[in-house]
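What follows is one structure encoded as structure tokens, with my remarks underneath.
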Amino acid sequence: MFARTASASLRQTPQFISRRTKVSLPKLDWDFAALEPYVSGKINELHYTKHHQTYVNGFNTAVDQLSELTTCLDKDPSPAVARKIISVQQNLKFHGGGYTNHCLFWKNLAPTSQGGGEPPTGALGDQIKEQFGGLEKLQKWTNATLAGVQGSGWAFIVKNLDNGGKIEVVQTYNQDTVTGNLIPLVAIDAWEHAYYLQYQNRKAEYFNAIWNVINWKEASKRFDAA
Ligand SMILES: [Fe+2]
């Protein structure tokens, strides 16, 4: 009974909700330098404190704007307000994607001392073996997908619930993320800010190196949970 009352109360105060639910940077499980030599500490520091922080801030701002406009719509249900709501969508998508993609990314990386690079076991390991014969073929597909990103984007190893839970590799541009029945298992950032300081134009080297610090235990958890 209490839960129902509280829930109803929260639904009636959207601005209160937006202030209470600001997103923030996730806590990292390792130090910035812990992924060296594969990803430099300086890259991780800038990537986390500057780039990811920008998406966090941008998403919170866009959510606040949406909240205010939703309140406006209650008072003035008009095309003019509807257009303002639509204008917020791009920032919601871009910064919301940037916020969530990087949260996935940090968590699916781990130093070698914490199991980074150790091949997946359990149900995920079995599924990879059944579909690809082994991890190497999946990595090749992912690297080819990453290499195909023209400009900025991401590659995701996903569990596709629309395809019987099969593992697939999906590429997106900018900060677009995967949603719905595509369950992200591993997210790999192909933006220049993720590698340029260390690898310059040799992005294929970064794509090869990152497998040494992929946290397959985290990927397995995501696979099992979906
Ligand atoms: Fe990034």
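A Cβ is built for glycine as well, from the same backbone N, Cα and C atoms used for every other residue.
Feature annotation from TrEMBL assigns domain 'Manganese/iron superoxide dismutase N-terminal' to 24-110.
Of all Cβ atoms in the protein chains displayed, 14 besides its own lie within 10 Å of the Cβ of His193 (Mn(2+) binding site). According to TrEMBL, the Mn(2+) binding site annotation covers His47, His102, Asp189, His193.
Taken from TrEMBL, the feature domain 'Manganese/iron superoxide dismutase C-terminal' applies to 120-222.
Helix, strand and coil counts from DSSP across the domain 'Manganese/iron superoxide dismutase N-terminal' (24-110) read 68 helix, 1 strand, 18 coil. Secondary structure at Asp189 (Mn(2+) binding site), as computed by DSSP, is strand. Per-residue pLDDT, averaged across the domain 'Manganese/iron superoxide dismutase C-terminal' (120-222), gives 98.
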